[in-house]
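The domain 'HTH hxlR-type' annotation in TrEMBL covers B:7-110.
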Number of protein chains: 2
Amino acid sequence: MLSKSGCPTTMLSIRDALEAVEGRWKLLILFSLSQGPKRFKQIAREVQGITDKTLSKELKSLEANKLIDRKVYDTFPPTVEYSVTSHGLSLEKVLDELHYWGLAHRKEVIGK
Amino acid sequence: MLSKSGCPTTMLSIRDALEAVEGRWKLLILFSLSQGPKRFKQIAREVQGITDKTLSKELKSLEANKLIDRKVYDTFPPTVEYSVTSHGLSLEKVLDELHYWGLAHRKEVIGK
């Protein structure tokens with residue numbers, strides 16, 4: 001891919017992917033939801049250090065990117081649950097590659 | 001990977017990888033250099049819109065991350081050439097995955 005140098009479509013798609021997972025929180029939220037559907041307060045407890053305001057913003061962004069699903073149950077009071085979509089799960093291969101390369105990178109730069 | 005939820009080492013390595021390629025310019029510079037070693041002015045011409053100051057900063061960051069190599073030739077005046085390292089080339093698989101997922105993401109979210 002590095003040899004199909006600078007192709008605008010390639011760059012665009014890579015930008016899209018980087019944007020979908022950027023920031024400190026999105027991956028942590030996805031990790032938390034990968035264990036199963038959760039309610040707001042449960043996620044807030046598991047993703048340590050996140051404020052309610054930020055969590056709310058990040059959940060909206062993840063939902064807009066169709067990485068997670070928000071479901072409202074007709075209970076009293078209403079229950080809201082978040083879960084990873086199949087599109088969100090498809091990130092797995094990307095995260096794997098990032099993970100392996102990140103490990104090699106750490107070794108290369110920091111020297112083990 | 002999404003199922004080994006929230007493991008700190010995993011998150012760290014993914015952060016490392018994301019940081020190494022973040023921003024608007026690093027990938028474009030790597031793409032430009034993937035065609036062969038180049039001098040500063042050549043890169044500045046190919047990576048459209050980048051200022052000399054930013055290019056200089058990004059080249060230093062890429063060099064610190066061992067993604068590119070800087071070679072000074074003993075000519076008169078001295079010539080400086082930049083090239084992609086084997087570590088920089090190892091980004092290929094990561095970029096491929098980001099690219100494919102980004103394409104699928106665009107389809108999913110924007111609807112083709």
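A Cβ is built for glycine as well, from the same backbone N, Cα and C atoms used for every other residue.
Taken residue by residue, the domain 'HTH hxlR-type' (B:7-110) breaks down under DSSP into 65 helix, 13 strand, 26 coil. Confidence in the domain 'HTH hxlR-type' (B:7-110), given as mean pLDDT, stands at 90.
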